[in-house]
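Going by TrEMBL, these are the annotated features:
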{"type": "DOMAIN", "residues": "47-299", "note": "domain 'G-protein coupled receptors family 1 profile'"}
{"type": "TRANSMEM", "residues": "32-55", "note": "transmembrane segment"}
{"type": "TRANSMEM", "residues": "67-93", "note": "transmembrane segment"}
{"type": "TRANSMEM", "residues": "105-126", "note": "transmembrane segment"}
{"type": "TRANSMEM", "residues": "138-160", "note": "transmembrane segment"}
{"type": "TRANSMEM", "residues": "203-228", "note": "transmembrane segment"}
{"type": "TRANSMEM", "residues": "249-272", "note": "transmembrane segment"}
{"type": "TRANSMEM", "residues": "278-301", "note": "transmembrane segment"}
């Protein structure tokens, strides 16, 4: 419990901790609800780690497409680990408090990995565009050095975009009676609403980050696929068209799995105040938990080389 304090004469207040919730209205069933959540976290971590090991241990997968897939898998591991401790602490042990600074740290990493994931999906769309529009120069354009630079640019972009967030929240004066968050983790939009100050700057900052990262990325991904379709339609053989488009199916599914929940979360936080709290919670969980679970499944089902490499890793592990 938070220590009992008198806040009557305090002009500037920051709560020592926030109070998280699991699934609003279903607190009595958290023990049962933790079973599917634990299963999803296990699948996400196992599947994405298998992809990383498969690409690393298979020389034939040392290609740009699979390097970008490894970036996506590593990002999904980070995104999963950002929410796993507090979510399972709430569901398993009803441990609902998170320190103010710990909340800001979690928020930074959670949003950073989301921006990284969006950027990696954009890089993967560029990879597909180069592979289809200029296949003879594919390896010459996307060299290892270029891929390393793209990875560093992605991390730098996410870090610089999200770095001001915690400091903009720390400057706010919070209401002593408003420490209850809407989730079992810390969202920027959720934390700033606990303040008693003017949060216009925080709202504008959040809007800028969303538009300059996820917004720009989504438009560039659409542009990439418009150019890909234009190139594919120029191919003479229907069989060649189908083969070219088939190489994009996994990426298109990964894009949909990520961006549809992102749009849902953004719309609900801005226009869904009248909706029941359980809707806010479930959409947020879909946004943060489902993509890391589905991405390994999508790529293992649609990509025969990845599926074969993952099975080889499992067999080697089982033989030890």
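Yeah, the Cβs are placed from backbone N, Cα and C, and that goes for glycine too.
Caution: TrEMBL annotation is automatic and unverified by curators.
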Which residues of the chain, 6 or more past the ends of the transmembrane segment (249-272), have a CB below 8 A from one of its CBs?
72, 114, 117-118, 121, 124-125, 128, 187, 189-190, 210, 214, 218, 221, 225, 279-280, 283-284, 286-287, 290-291, 294-295, 298-299, 302-303
Would the transmembrane segment (138-160) and the transmembrane segment (32-55) count as touching if the test is at least 3 Cβ pairs under 8 Å, pairs 6 or more apart?
no
